Amino acid sequence: MDLVKCPEHGDACFLKTGVRDGPNKGKSFYVCRTNTCGFVQATDIPVSHCLLHEEFVVELQGLFLPQDKKEWRLFFRCARTKAEGKQWCGNVPWRQDPNPKELSVTSKPQQPSESQLHSPSQPRNPFRVLNKNQKTLERKQFVEEGERKTADKKLRENNEQLLDQRKEQKPKSNSRMEKDPSSDLVATRQSGGDREEQEKSKFQPKTKKAEGMASKQGHGEVLQGIPKGPHMSESESRGVPNKPETLREKETQLLVPSVPGQNPESKVQKEGHVSREPLKNGEAPSAQVTQRGLAQGPLQGPSKTWRPVPEAPAAPELCSGMAHHATSSSEDSEDDGVSSRPGSPLLFDSTVDSQKKGSLQHSDQSVQRQMPAASGVSKKGDSSDPAAQRANLTTQLKQKKGTLAAVNIQALPDKGEKLLKQIQALEDALSALALSPEQGTKEKCSAQEPEQSNITKAAAAPLHLVPPQPLPRPLIQPASSLGLKAGRQETPEGASQCSGGHMNQHHLYNVWKITSEAIDELHRSLKSCPGETAVAEDPAGLKVPLLLHQKQALAWLLWRESQKPQGGILADDMGLGKTLTMIALILTKKNQQKSKEKERSEPVTWLSKNDSSVFTSSGTLIVCPASLIHHWKNEVEKRVTSNRLRIYLYHGPNRSRHAKVLSTYDIVITTYSLLAKEIPTTKQEGEVPGANLSVEGTSAPLLQVVWARIILDEAHNVKNPRVQTSIAVCKLQAQARWAVTGTPIQNNLLDMYSLMKFLRCSPFDEFSLWKSQVDNGSMKGGERLSILTKSLLLRRTKDQLDSTGKPLVALPARRCQLHRLKLSEDERAVYDIFLARSRSALQSYLKRQEGRGSHHGRSPDNPFSRVAQEFGSSVSQGCPAADSQRPSTVHVLSQLLRLRQCCCHLSLLKSALDPTELESEGLVLSLEEQLSALTLSKVDVSEPSPTVSLNGTCFKAELFDDTRRSTKVSSLLAELEAIQKGPGSQKSVIVSQWTSMLQVVALHLKKNRLTYATIDGSVNPKQRMDLVEAFNHSQGPQVMLISLLAGGVGLNLTGGNHLFLLDMHWNPSLEDQACDRIYRVGQKKDVVIHRFVCEGTVEEKILQLQEKKKDLAKQVLSGSEGPVTKLTLADLKILFGI
């Protein structure tokens, strides 16, 4: 790698090597460090392999020149480290100066082997391995170099401590340390003025220099554990152990900031040993710190050896405390510090307080001196008074307990054992201090004893800590967070405790580890999953026998309630009897509960003392749309033996608000809208659903009950996790959670995340983790989604075959009949006028999007005001605001809507649009536009005009009357008459997305003496169920009129076998849902689906668009035909023929 600088920013560029399959695999490019810079320069440097992970290719390299240094260092990262979300694998000295003109001194190779590796004849690539022997040599050299650097660093650190202690005590030039009775170690201090002067001249300038550098940086960083290779002097080499230590690779290393002004006494002691860690797996040139003991140095006896101490990753909250130890070694700062100039990305800063630096050793020593006598640490040399010690220990204890309260210890690799030991040690020290008030006097008597004795003894004697005691439950974070929310906890001042960005390296590793564990757990649970042929017996008390696929589903449901998380998603196709399957589950668990009721000795679930839920119920809470609340009640009453299940409808103004009463019922049924009104949804950042409800939340009765299970019917109603309904549902408490929906994914994978959040499927109920680990568009994310769906979701379709090759459900035949119609001459003339206007509006909109045709002085064409004026209404003329500049997207979509209405009936052009219909179209109108739309239905009737002028063309006014038969209405009536004359008793269902169109059809049905009933949004749930029952009865009405939105879900209209779709919608799943109202379990007759399409109109284009959307939706989730409801510009061009 050569030094290539960006011509724009002047910074040294990174060397990027392609590792993924594609045209750039194996090729290398120089790229600028700045993300927004587009500088790229190709190079012919060959592919390299990582020194730490030999089987992986190095994909990123970078040159960094540490501040006040003349030796460049080359940082490298391989594909494995990048996949783990870390920054660098490590770094090596760059032996040859990449820019000799800029640097006055060229770094020379220190060993012949290294110079051979980087000879000028080879490419400038320190990782290139030509054969196996050379690779082994280079790795060995990398390891040995790290050992020399670590030993060098330890010696300088301890010498610096010795010098600072001498300064504090002002020792004589010739002095000896007395052997302490409580220690077996005898340490001698070097004597002689020459030796002392030599040490002072060696260490003092470096200390001052490092302090100055840290203060200049403001937030200077310290790199510890990075292998480096300066020459060691004779005096330094004396402290190097004879036998080199092997390089230890940690699985993770903390990215530790130094928080300004924080108490350095929060440093976590490591039992007096030195932990030496090399840089691994991409911990960046950032402030990585390995913890060291304070008093390991050349003063120890020869029998003592340097040995590393295994160290578990600490919680993010511990970072700030450990960071201060980085300032105790100024030599590290000088040798390893990387310049924090603005041109160096990947680096973050931390402030070093010079006063903290001076007092750090003393405060850290006091931590070990304050341990109780049982720890084997002598307190003789402690000159501080007991009050100061007590205050010091109390402060540390509060910090540790605060950390414990904020961290989910179960997510830590050591399960929080280290933190618990520290808390126990601090509590013991406080107890010992309270029992020995005369300790301060003893300390004063021995104040003249050299302080180094205590330091040495404290470091040499390992701490014997009392085993951790069990913690009270309220201190433990709920298990659903799994440490992820704790990883983003912030200090009271609002500053993040872990620098390096919102997702720092330790948190990224935590995310990766927890995700892997959760996926592995789900994968292991599949081993106990019942097979496709496994069935469960019909529960006692069920009046009707279950079909085979329902018995198989029941076996799966019972299995899921024994797994974690308890519950899942039942996503069977619409019409396969999901309601009866869930009723069978409730009845089965009810029977099991009766048989085990006497044996149960423990509560159903654990409740904390701060939890407002005081009633544990064995019942089931069912949440459904208001249109289905009576449907559920009727299904239970019809399918289950009387008095088996007690049902309560939590709905209406007279509902019971006593949680204790509700907890006694077997089934409580309520609606989504009622939940959203009753349950407060003010959600704070990082709040766990259902944990510690707010004060106002205690007034909601449904929150005061812990249910045996919650069932969300039509669960796609909570597909948006940010809406009030979704948040309220997630706050409910239950042992098992079920989502029942025929379309688990309607728009995108965010719909699936909403269900994961409701199921509390940790850790995938955390949005940031969901986006980074599942919904990231990668192959690995797709694999994780596949594991989730296999474990948590059961879906069968009507056309699915069982193991024997037979259909899963025996349903009658279904055929679709497409009626192609031609508009009459008058209808075609009106349609063409609207088409020309719509096409012009879209073209001008496209020009504005492209930046070519922005006409600021011209108001856009408002279709509502234009049509209102043409039908004789002058009200819109009094609303100049309606003609002001509006978003063109609204106008284009509204023009498209009017075009589709032209194909159905021209009278729809005069009627106002229902707000729910506008919402389904994706239209959000301003108040002026809504008022303008209302004027369409208020035509002046006092002076009726015989003609209507549209764009200069006059048409007869009777053409727009609702009493006139349009082409589509005429074809519909002809089909209905043919059905009435056909064999047997056949009924029809007519579906339209516009209630105004249903009113026009009803008018003509009445003229033809056909009985009908209408279900739309204005019909209350009780009347709706009565109409459904009447229609399914043989003596009921012949025709049922339903709106696409209000009647598209949850209705069982098996009494009819003909379904007419009057208009086309680009959301095909809405139409499929409507078709499933008649084509479902219980249908005995052959089903015919009638579609009307007017030739040469926008409806033909919509039909093509529907097929495209269906093909895309099938690729999202197997069997899930979820739509994409938004129209793109490409779609609009197709619809308007542009």
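Including glycine, each Cβ sits where the backbone N, Cα and C put it.
These numbers come from a predicted model, not from an experiment.
Copied over from Swiss-Prot, here are the features:
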- CYS6, HIS9, CYS32, CYS37: Zn(2+) binding site (BINDING)
- ASP572, ASP573, MET574, GLY575, LEU576, GLY577, LYS578, THR579: ATP binding site (BINDING)
- 90-396: region 'Disordered' (REGION)
- 846-866: region 'Disordered' (REGION)
- 713-716: motif 'DEAH box' (MOTIF)
- 6-46: zinc finger (ZN_FING)
Tell me whether CYS37 (Zn(2+) binding site) sits in a helix, a strand or coil according to DSSP.
coil
Average pLDDT across the zinc finger (6-46), rounded to a whole number:
85
Length of the line joining the Cα atoms of CYS32 (Zn(2+) binding site) and ASP572 (ATP binding site), in Å:
52
Indicate the candidate from CYS32, CYS37 with the smallest number of other Cβ atoms within 10 Å of its Cβ, considering only these binding-site residues.
CYS37
Just to verify a number: CA distance, HIS9 (Zn(2+) binding site) to MET574 (ATP binding site), in angstrom, no decimals.
60
How many other Cβ atoms sit within 10 Å of the Cβ of LEU576 (ATP binding site)?
26
In the motif 'DEAH box' (713-716), how many residues does DSSP put in helix, strand and coil?
2 helix, 1 strand, 1 coil
Counting across all protein chains present, how many other Cβ atoms fall within 10 Å of the Cβ of GLY575 (ATP binding site)?
22
Is LYS578 (ATP binding site) helix, strand or coil when read with DSSP?
helix
Extra residues within 8 Å (Cβ to Cβ centroid of ASP572, ASP573, MET574, GLY575, LEU576, GLY577, LYS578, THR579), ATP:
GLY742, ARG1080, VAL1081
Among CYS6, MET574, the binding-site residues in question, whose Cβ has the most other Cβ atoms within 10 Å in this structure?
MET574
In whole Å, how far does the CA atom of MET574 (ATP binding site) lie from that of CYS37 (Zn(2+) binding site)?
52
